[in-house]
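Marked as domain 'CWH43-like N-terminal' by TrEMBL: 8-233. The feature transmembrane segment is assigned by TrEMBL to 12-35, 55-73, 94-112, 118-145, 157-182, 202-227.
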Amino acid sequence: MWWFQQGLSFLPVALVVWSAASFIFSYITAITLHHVDPLVPYISDTGTVPPERCLFGIMLNISAFMGMATMYVRYKQVHALNPEKSKITKLNKIGLTLGLMSCFGLCIIANFQKCILYYVHVIGACLTFGIGVIYMLVQTILSYLMQPEVHSKDIFWIRLTVLIWCSSSIASMFISSVVLYSGLYGTNLVQKLHWDPQEKGYTAHLISTVSEWSLAFSFLSFFLTYIRDFQKISLRAIVSLQGQTLYNTPQSFMTDEQTLLVAGSI
């Protein structure tokens, strides 16, 4: 059995691979059609013009649903491992709420393009990465609280490192974006898809775009730390048959017995 076939480890793997592919495929399409500059454009710019906009949108919507599934499984796992610890239980619920909000923000990013509805797109980005980094913080704290009985110290330090990487990317992107869009380098820069290295503001633009790519991949990298945890989870479905027919029958013809069919591991 391959490592990604163990338990539910395929879930975070699929989330990371699919999300990274959505960025890379839209980037390749955009530069092939000369819609953006090859040197580190904004991720959002690679999903602004058709046809890459369609690809970007549908793939990120799927990523959002996979993210919700991954976060929910993580929530159930932590709950099952710590059923009587109230502090961990509360943090776990907060983490799930934050995670679902982050996934909703990703849907907003996918469906409201930067050059069309900029402020709505920014709200989606704040939900995805702003709330997302708080989700990462909560999960890192949970990892600390559950060591050494449930988690090793290594996984806590790995998650803390990725959290610092993500937070640094957010700070760098925020500062460079504020400088870029302050009005010192012109107006309507939001609509600008092509940049000349000789232009004023190009350095701030480059720092901002590199920070955005760093932010995206640091955020995805956090879910790779779930692989070992999810390898220990198996899922079974139990089907209960309430009758021998698929239509309503009189109560007198129904038996009290229930047939249980175990469908095996999914």
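Each residue, glycine too, has its Cβ placed from N, Cα and C.
Unlike curated entries, TrEMBL annotations are predicted automatically.
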Short question: which residues 6 or more past the ends of the transmembrane segment (12-35) have a Cβ under 8 Å from it?
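Same-chain contacts beyond the ends: 4, 41, 43, 45-49, 51-52, 55-56, 59-60, 62-63, 66-67, 70, 193, 213, 216-217, 220-221, 223-224, 226-227, 230.
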Who are the chain neighbours of the transmembrane segment (94-112) in space, where the CB to CB distance is under 8 Å and they lie at least 6 residues beyond its ends?
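Same-chain contacts beyond the ends: 44, 47, 56-61, 63-65, 67-68, 71-72, 74-75, 78, 120-121, 123-129, 131-132, 134-135, 138-139, 142.
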